Amino acid sequence: MASEKNTGRLNLPGGEDGAVAAQDASASNKEKDSEGSVEDGSDSLNTKLLTQALLRKLDTRILPIFVLLVLCSFLDRTNVGNAKIYGMDKELGLTPLQYQQGLVVFYPLYIAAEIPSNLVLKKITPRIWIAFMTFLWGLFCLVLGLVRNFDQFISLRALLGLAEGGLFPGMVLYLSTIYTRSELGLRIGVLYTSTSLSSGFGGLLARAMGAIGDRGGLTAWRWIFVIEGLFTILCAVLTYFVLPNSLDTADFLTGEERALAIARQFGVEHGTGNKEGQEKFAWAEVWRAFRYPLTWLTACAYFGLLSAIYSVGIFLPTIIVRLGYTAHEAQLMTVPPYAIAACTTLAVAYGSDRLKVRGIMMLCVMPIAIIGYAVIANLEGDHPKVKYGMTIMMTVGIYSSVPPNLAWLSNNSAGHYKRATAAALQLAIANCGGILAAFLYPDVDGPVFHRGHSIVLGLLVGGWFLILANVLVCHKINKDKAQGKYDKYISCGDDRDPAFKLVL
């Protein structure tokens, strides 16, 4: 009987033994939960600290090299404008038409080189291919300082375009294999900031080289090409010895950092796909990039942006000279618009990464440039001070829009060869804007340039609507994936996978 009572008492939830047992179990569970929570919190903190250390190493090892290469590329591409100020066209006997032809001939081979360059980047390895391209265009730039006639000038400008064509699409593709989707915008922003700074720095450098004057049998404009070409060749050598081919071969990382870096890139949700490391070249992937609507929408919008960027470099010196500055002073006054644009570009790129949006950010900043062009296109009379102010708005709006656009297409493209093709095709289409810009601002239209400003204004307005359309397309694809319309692509390991959500 006692036994029954004891048994019954043990089985009663509200009994004394039950209460003790419940208290013991509760205390044990709380202790386990507490231990698990501490362990999870400790692991999370350790991973966060390790990630921060990893990003610092990647940023300080890779980005400075790429910034140097972008600086060299834009200096070597645009220094012809600075050389003209110091009398290049007069010494070579170039007519206005021949000078324009020299500007335009750079782009056909530049554009033609972009897709093939990206497709061979993985096979030849980034360290060798990027260093080789840099060495070639540095050499061509140096020799430009030794030309004696129009035929030599135009031939070397074409070769310069061929050598430079693969650089920027190659860098975007390379960075997409190093950083996660939400980190890519700021890194491209850093690179593109260096393009705006190079425009300003080019003016300072040309001013310094102009002070050299006629020495060593070379006139001042020739020294611009020779010195910048030599500097580019040195950067090519540095690239070969410093740039890692991949995260696997990054010897400046510890074993733990390298494992984390690779793990961060694994998985289709990170935007690089599951099978890219073993992916073999297939024409089907190239064709997928050509059929991708996001490629064409972002590329055509970028065409308008690049037309504006190239045009600013053409007409800005004219506006500054109209302010009453000498050629030397005009070079210095080109710096402020680009310096301000560099700061805003970084801020917009950072915000784009933090908010994890691309197109929406562009819809907010492109109107700044649109307003600038609208005012300057319809301004009656000279008004150089107002035009200079509008130029600052233009550079802020157009330069700040580029990093989100480049990161956007890369974020929304996976496997490797599709992304390689899409990134290069986007830039190839956009760089046709350089050809257009060369003819938008003939000297006879100066100093008002109403026709050129109006055309660029129209391109930017059209680009804004293309970006809006791309946001809506991305939203529609994400909605379709959520509704199961892409379920046949589950585990395919590329951007068709339902787990792969497009960035807006």
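Indices start at 1 and increase along the chain as displayed.
For all residues, glycine too, the Cβ spot is worked out from N, Cα and C.
As the structure is a computational prediction, the values presented were derived from the model and not from experiment.
Look at TrEMBL and you will find 1-43 tagged as region 'Disordered'.
According to TrEMBL, the transmembrane segment annotation covers 62-80 (among others). Residues 88, 102-103, 106, 130, 134, 137-138, 141, 157, 160, 164, 167-168, 171, 175, 178, 187, 190-192, 194-195, 197-199, 201-202, 205-206, 224-225, 228-229, 231-232, 235, 238-239, 242-244, 313 of the same chain lie 6 or more positions beyond the ends of the transmembrane segment (62-80) yet place their CB under 8 Å from a CB of it.
The feature domain 'Major facilitator superfamily (MFS) profile' is assigned by TrEMBL to 62-481.
Residues or ranges marked as transmembrane segment by TrEMBL: 100-121 (among others).
The transmembrane segment annotation in TrEMBL covers 128-147 (among others). Counting residues 6+ beyond its ends, the transmembrane segment (128-147) has Cβ neighbours under 8 Å at 69, 72-73, 76, 79, 92, 117, 120-121, 153, 156-157, 159-160, 163-164, 166-167, 170-171, 174, 218, 222-226, 228-233, 235-237, 239-240, 243 in the same chain.
Marked as transmembrane segment by TrEMBL: 153-176 (among others). The list of residues near the transmembrane segment (153-176) in space but at least 6 beyond its ends in sequence, with Cβ under 8 angstroms from a Cβ of it, reads 62, 66, 69-70, 73, 76-77, 80, 92, 94, 98, 101-103, 105-118, 121, 126, 129-130, 133-134, 136-137, 140-141, 143-144, 147, 184, 187-188, 191, 271-272, 406, 410, 419-420, 423-424, 426-428.
Per TrEMBL, transmembrane segment is recorded for 188-208 (among others).
The feature transmembrane segment is assigned by TrEMBL to 220-243 (among others).
Marked as transmembrane segment by TrEMBL: 296-320 (among others).
The transmembrane segment annotation in TrEMBL covers 332-350 (among others).
According to TrEMBL, the feature transmembrane segment maps to 357-376 (among others). Cβ atoms under 8 Å from those of the transmembrane segment (357-376) belong to residues 185, 301, 308, 344, 348, 351, 386-387, 390-398, 400-401, 404-405, 407-408, 411, 453, 456-457, 460-461, 463-464, 467-468, 470-471, 474, 503-504 of the same chain, restricted to positions at least 6 beyond its ends.
Feature annotation from TrEMBL assigns transmembrane segment to 388-408 (among others). Non-local neighbours of the transmembrane segment (388-408) in the same chain are 172, 184-186, 188-189, 191-193, 195-196, 294, 298, 301-302, 305, 308-309, 312, 316, 319-320, 323, 333, 336-338, 340-342, 344-345, 347-349, 352, 358-359, 361-362, 365-373, 375-376, 379, 423, 426, 460, 467, 470, 503; each lies 6+ residues outside the stretch with a CB under 8 Å from one of its CB atoms.
The transmembrane segment annotation in TrEMBL covers 420-441 (among others).
Annotated transmembrane segment per TrEMBL: 453-473 (among others), in sequence order.
Counting same-chain residues at least six beyond the ends of the transmembrane segment (453-473), those with a Cβ under 8 angstroms from any Cβ of the stretch are 293-294, 297-298, 300-305, 307-308, 311, 359-360, 362-363, 366-367, 369-370, 373-374, 376-377, 398, 405, 408, 433, 436-437, 440, 504. Counting only same-chain residues 6+ beyond the ends of the transmembrane segment (100-121), those with a CB under 8 A from a CB of the stretch are 77, 80, 94, 129-130, 133, 150, 153-154, 157-166, 169-170, 173-174, 281, 286, 417, 420-421, 423-425, 427-428, 431-432, 434-435, 438-439, 442.
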